[in-house]
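Novice: Next up is a structure, given as structure tokens.
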Amino acid sequence: MTTPSPEAASDDPPSLSRNRGFQRFYGARVLSSLAFQMLAVAMGWHIYALTHSAFALGLVGLAQFLPMFCLTLVVGHVADRYDRRRIASVCQLIECAAALTFAAGTVGGWLSAPLIYALAACVGAARAFESPAISSLLPGVVPRSQLPNATAWSTSANQTANIVGPALGGLLYGIGATPAYAACSIAFAAAATLSGTIPLRAKPPARAPVTLESVFSGIAFIRSQPVILGALSLDLFAVLFGGATALLPVFARDILHAGPIALGLLRSATAAGALAGSIWLAHFPLRRRPGLAMFGGVIVFGCATIAFGLSHNIVLSLMALAVLGASDVVSVVVRTSLVQLRTPDEKLGRVSAVNSLFIGTSNQLGEFESGLTAGWWGAQRAVLVGGVATICVALLWMRLFPALRDTRSLEREEAHATASAN
């Protein structure tokens, strides 16, 4: 499998800024997220230009979600049995090939709506394997003492790409669809190169035999941990109901009366707020009552969603989306830290796969839900109802999961002791 890097022999681990493995991990995360965000803008504008349908926009999200849903148990077990760096690298090369197909189809004039859905499904399948591999790789790159800080910086890397990616994607698409898709392919290829060369601090755990129990052990572990279950499910339903990302092309074109560059700015505004929030959390970690902070973040997320739905001014819309992103990052950091700090490494791939399913359900299935409700009620009303539903979910979850509400720290000493054996 893999061998320890020379850094592993040191009792005094290097800081994140001097950790070569974390630098490559960070770079791969930025480039992969950058490419995906550019691709999302290009796909969204392309399908809306072809169909002029909010429902068609939702189908792009559904096409990406279905492979993730069907492959959840498989991808988690793969991440726990094989080299996670190689998995991530191969998946990013597949995404590179999909972006090249988009570019070729645009040049040749044969890129149709059904083909866009098929390629979106291909990207969704690749990301289904990539996400748990990348997420479960971080504990092998940095020591546990640095993990919360590394998680915050990793989130900031993702959000930095989420700012630059949509804006760059919108700008390039304004020039032409082909340059946008070509840039995506280059970024995916660079990410694949970095992912495959990340040095690890320690040798990964030995491969466990494949049994039905081991395949389902990630789900069983989450069910036995009410704090993790509460955090994952809260984030799932909050973003599922409150997400307005899929409808941004509708808001940009039909409500704010703007073009693809404005669409890129709208998508970047959320990430700009999230970047500010993640940098703040990197310098001022949530050391006390992270559960309450998560609930507060979700409630603010719902309020910002309502404000965005009411806005007809692009400046106010950008401000609402920035607040939305800043509040959402609290939930992201708490959820990710809880999973990584309270899960044994030999189960981390499977637990991360379930976590990725929850994220995919909230994001991609949330896009489908947004498109469906917008087709029924109109885009603005759909967003307003989603914001109210998000606030209601947060208040309900505070009663259903008191362990999450009352948790006093991200890490629990007995987390490993309570984990069941493979």
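Each residue, glycine too, has its Cβ placed from N, Cα and C.
The model shown is predicted, which means the values in this text are computed figures rather than measured ones.
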Novice: Which one of these stretches, 189-211, 258-280, shows up in TrEMBL as transmembrane segment?
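Specialist: Going through 189-211, 258-280 one by one, TrEMBL flags 258-280 as transmembrane segment.
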Novice: Considering only Cβ pairs within less than 8 angstroms, which of the stretches 54-75, 258-280, 292-310, 316-336, 378-398 has the most against the transmembrane segment (227-252)?
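Specialist: Most Cβ pairs under 8 Å with the transmembrane segment (227-252) come from 378-398.
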Novice: Same chain, outside the transmembrane segment (378-398) by at least 6, Cβ under 8 Å from its Cβ: which residues?
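Specialist: That would be 54, 230, 233-234, 237-238, 241-244, 247, 250-251, 254-255, 295, 298-299, 301-306, 308-310, 370, 404-405.
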